[in-house]
């Protein structure tokens, strides 16, 4: 139930408290040029907010639960409430789900967004490297997450990109969740620290040594760590096939 509440909160309407990084700091403007601000337009004017990240000039990766019929991606943003000259706003042509995405368990919570046109790579817009198929981010590794979500349960949405350093922990810590599989997911965040991802950060990357190893997927409704990230490495063969159009 906690994971469900967290997921629902991740998809709050724009301006109504879509979640943010907890225990982090504001990022240096455009220091994370791969970050994408994803808007999913749903029925009755509802807009869901997620993070994402650019992996090729024409593909953005995010969480599968962030998908929708009409989506727009903003690249090169720091303050999403301003029209920064670095920003590139591009509509999504289509989304591609992995064949084994499980809605109920959130296993394989990953989706590729094909943009209607290629992004123009600049100092503020660039791609991030992915791991190899056998690269397994291990417990004890220190990584970084970033997003525009809330900074706390009762806090308002952040308009500027924020980041937080998080530690990968053992799978035992994520046994509090009904569904967790270490081969497909990463358990992130020490229970002894007030630092985590939260509502609105969903779909954003987990970077370890400059490589995107995970995608923000779900967590606890009270915002306390740990949180669950989708593990990217098992999906690399599928990702490569999609990018190559196979």
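Every residue gets a Cβ built from N, Cα and C, even glycine.
The signal peptide annotation in Swiss-Prot covers 1-18. Residues or ranges marked as domain 'Peptidase S1' by Swiss-Prot on the basis of sequence analysis: 21-244. Sequence annotations record features per position, and here Swiss-Prot assigns disulfide bond to 50-66, 143-208, 174-187. The active site, charge relay system annotation in Swiss-Prot covers 65, 109, 202 and is backed by similarity to another entry.
Distribution of Swiss-Prot features across the structure.
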| residue | record | DSSP class |
| --- | --- | --- |
| 50 | disulfide bond | strand |
| 65 | active site, charge relay system | helix |
| 109 | active site, charge relay system | coil |
| 143 | disulfide bond | strand |
| 174 | disulfide bond | helix |
| 187 | disulfide bond | strand |
| 202 | active site, charge relay system | coil |
| 208 | disulfide bond | strand |
Practice item. Report the mean pLDDT of the predicted model across the domain 'Peptidase S1' (21-244), rounded to a whole number. Key: 91
Review point. Taking only the active-site residues 65, 109, 202, which one has a CA atom nearest to the CA atom of residue 143 (disulfide bond)?
Key: 202
Exercise for review: State the count of C-beta atoms found within 10 angstroms of the C-beta of residue 208 (disulfide bond), not counting that atom itself.
Suggested key: 20
Check your understanding: Taking just the CA atoms, what is the gap between residue 109 (active site, charge relay system) and residue 65 (active site, charge relay system) in Å?
Key -> 7
Practice item. Please report how many Å separate the Cα atom of residue 187 (disulfide bond) from that of residue 202 (active site, charge relay system), as a whole number. Key: 15
**Study point:** Inter-residue Cα distance where the pair is residue 65 (active site, charge relay system) and residue 50 (disulfide bond), in Å
**Key:** 10
Revision key, fill the gap. Should one count Cβ atoms within 10 Å of each candidate's Cβ, the disulfide-bonded residues 50, 66, 143, 174, 187 would be headed by 50
Exercise for review: Determine, using Cα-Cα distances only, which of these recorded positions is closest to residue 65 (active site, charge relay system): 174, 202, 208.
Suggested key: 202
Point to revise | Entry from the active-site residues list 65, 109, 202 having the most other CB atoms no farther than 10 A | key: 202
Study note, to complete from the structure: residue 174 (disulfide bond) to residue 208 (disulfide bond), Cα to Cα, whole Å, comes out at 19
